[in-house]
Amino acid sequence: MSFQYKHIPYSLDVGREVEYVPDLMAITDHVDKQYSFMMLPLVKKGLYRTEKSVSKNPLRLSRTYACHGSENNRENHMKRVNKFAVIKPSIDLESPIDHIRERAEYCLMEEIEFAEYLKIGTIVFDLPIHQIEKYDIPEEDKQQRSITKKTEPASIEGEVIFPHNFCRILNGYKILQDIGACVIRVPYYVKRLAANSNNEEEDINLSWAFFQKLKKILKYSPLINLALDITRDLGTLESADRWFSENLKFISISNSLFMKNNKNQPVLSKSHQLIIKTLMRFKIAIVLKGNRFSCREMAQYAVNFRCDCVGGGETLLSACFCYDRPFNSYLYYLFKSHIAFRDEEEKKDSNYWNFLQTPLQPLMDNLSSGTYEIFENDRIKYKLYEKAIQAALVHFRLNGCFNQALNTGEYPTIDQVNFYEQILLESSNKTKHDADDSMTGVEPVEVMVFGAGRGPLIIRALQASERCGVPIHVTAVDKNRYAIIEIKKLIEKNGIEDKVDLLHGDMREIELEKKADIVVSELLGSFGDNELSPECLFPIQKHMKKTGISIPCYYRSNIAPISTQLLWNEAKSNPDSGYTDPYMNQVIDPFSVGYVVNLHNKYYPCETVQNCFDFTHPTPRLIKNQYKKLDFICRSNAMIHGFAGFFECQLYGDIWMSTNPNTHTPTMRSWYPIYFPINTPIIAKKDSTITVKIWRLTKSGKVWYEWAMEFDPLDNPEFTFETEVHNVNGAHYWIGSTI
């Protein structure tokens, strides 16, 4: 059973981790009523086989799998209740004693093969972090199973065991390809104390460092997923942020973390509530675990709370599920309040979280009707355009021209525009009709809309004219003949044939009789210039008066290093990689492509977002080829998977729109950021320098980006790491400038 809430477009799956099940078939009904799935151990807890008996004795199944009934019935029930199977690799896998290590390897392989036999889609490898205590040579008769401390401490000082041999097994035997996917579960936070230091800043989350090293050894396989076992100590907020970039499948919460409120109901601490609600935004599952009671205790619980389970052989099992009901209800309560969408459009946006898209080719291809409709739904963007046009018209009315603002920077502010509009339309109780009359006999301002699409900017320009009492004439140009048909219908519907001229053709080559006072366009891409706005707007300057202006008049791209294991995995698994693109006639490298994506599972390891390429319109000289080298300082240890791109745009005066995370225009959704991946992730240390190098290049009707990243470690600058330059000569990703 999934938890659903009408105001949230996704559901919450809650499962139960069970260590002891008397009968698999007995829990099926409980799963349907109370849980989405069960997480069951593959082998009975406490199993131990010596190296002499391991090859002779068959695998000793837990009661979970050695259930009654035929083989077919068992598999049917398994499919109904089981989403994950848990394997707990023995720490003996890392033993320096050969026969101990070999026995552990055999046991692990046997369990994995059994999971394959049962067709379990996902295996959970439970890898707690252990501190080394000592290396004892075990005596065979004592059957010592471990060379390490068996507890999971809240903090560790000293050396820990890392599962190198476990990683070797997963890599060497191609198990990842055979089992489909695996989940590595680690504690949420284990603090490693700096030796002989009381400096809290030197503490690190050992769990995070442990998992990053594991991913590196496993060659960053996209089949490796993460699960977090929520701990009592949650560490710093920074520790939490880094987990948000991972490919997180589920979190497990022990009942022991809950407290009782004044109504004797289970609740979590404020800090745990915050982290659980934040993690819910990543569409994860939650697994309840813990609190094993004796049969007597559970039977007493069933009687006390009048559970519908007393009598029969299922009393203990039913009582366990009854005990969980308040916990499930509390998780549903948290789910209902974990996120608040501002409107329906933002709710729809959640469907595109972490969905990689190839950027548009706006000159080579015509946009579809559906794409136009998505852009036109962004009311904030068009409201800003209308304000910008209105501000320009007010300035024109006050000064008689535009060039004064260009020379002095004295643009009218939004407040001045609103004030002027109020004076114009409200003084003497003027109505809209009076405002229209005030514009008769006045030479209209020539507004040219290039890339008019289906006409939203035409309507906004005319509305701005009405608001400020300055008459305009609009000339609209677009290359999409089907969009031209839509604009014609729009003109007829609004009865504005006398105010609008419509032309079909390439804006860079079309010949016009009139000169523009104002040029309006919406040609920006996710990275500002990546849809060739500079190449389009520079040629049309010939259609502008000497005093003419452009809206937008200036824009710049921004970049920031990003940690996002999920998106890196998606890029690596890109189904388009390895095929020959019809445009490029080249086998595609997925790490040499920029992806438009609604970033969700991400972490920005550097505090700053820096400016990259910038363009001004009109301009006497267009610099198409540009290069930037930008240095960033890491605020924490992080694994970096590339960098994200944004833009900031000045429409007119103090009217800006932005996708920069630090200055993002609220509720504007026309553009998602762009993600530039790197083929080898970088593990960077706190306060170290990350350098981004990026080129914007043009040749033979193509524009493309090339990029590389460099890591300069603090402790040894001689070992600077630099990635290869991606997308050399635009071999894998470019934007065409020909129609």
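Residue positions begin at 1 at the first shown residue.
In case you wondered, yes, glycine gets a Cβ from its N, Cα and C as well.
Predicted, not measured: the structure shown is a model, and the values here were computed from it.
Taken verbatim from TrEMBL:
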DOMAIN    35-293  domain 'PRMT5 TIM barrel'
DOMAIN    345-551  domain 'PRMT5 arginine-N-methyltransferase'
BINDING   TYR372, LYS381, TYR382, ASP506, MET507  S-adenosyl-L-methionine binding site
SITE      PHE375  site 'Critical for specifying symmetric addition of methyl groups'
ACT_SITE  GLU522  active site, proton donor/acceptor
ACT_SITE  GLU531  active site, proton donor/acceptor
DOMAIN    555-735  domain 'PRMT5 oligomerisation'
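Feature map: annotations from TrEMBL on the structure.
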residue : record                               : DSSP (3 states)
TYR372  : S-adenosyl-L-methionine binding site : helix
LYS381  : S-adenosyl-L-methionine binding site : helix
ASP506  : S-adenosyl-L-methionine binding site : coil
GLU522  : active site, proton donor/acceptor   : coil
GLU531  : active site, proton donor/acceptor   : coil
Problem - Segment-level pLDDT (mean, integer) for the domain 'PRMT5 arginine-N-methyltransferase' (345-551) - result: 85
Fill in the blank from the handout: By the 10 Å Cβ-neighbour count, the most surrounded of the recorded positions ASP506, GLU531 is GLU531
Exercise for the section: With GLU531 (active site, proton donor/acceptor) as the reference Cα, tell me which of the recorded positions TYR372, TYR382, ASP506, MET507, GLU522 is the closest one. Expected result: GLU522
Problem - Same chain, 6+ residues apart, C-beta under 8 Å of the C-beta of PHE375 (site 'Critical for specifying symmetric addition of methyl groups'), given in sequence order - result: GLY453, GLU522, SER670
Practice task
Give me the non-local Cβ neighbours of MET507 (S-adenosyl-L-methionine binding site): same chain, 6+ apart in sequence, Cβ-Cβ under 8 Å, ordered along the sequence.
Solution key: PHE450, GLY451, VAL477, ASP478, LYS479, CYS536, PRO539, ILE540
Practice task
Just jot down the residues in the same chain as LYS381 (S-adenosyl-L-methionine binding site), at least 6 apart in sequence, with C-beta under 8 A of its C-beta; none if empty.
Solution key: GLU522, MET657, THR665, MET668, SER670
Completion exercise
Note: in the chain of TYR372 (S-adenosyl-L-methionine binding site), residues six or more apart in sequence with C-beta under 8 angstroms of its C-beta are GLY453, ARG454, ALA483, GLU486
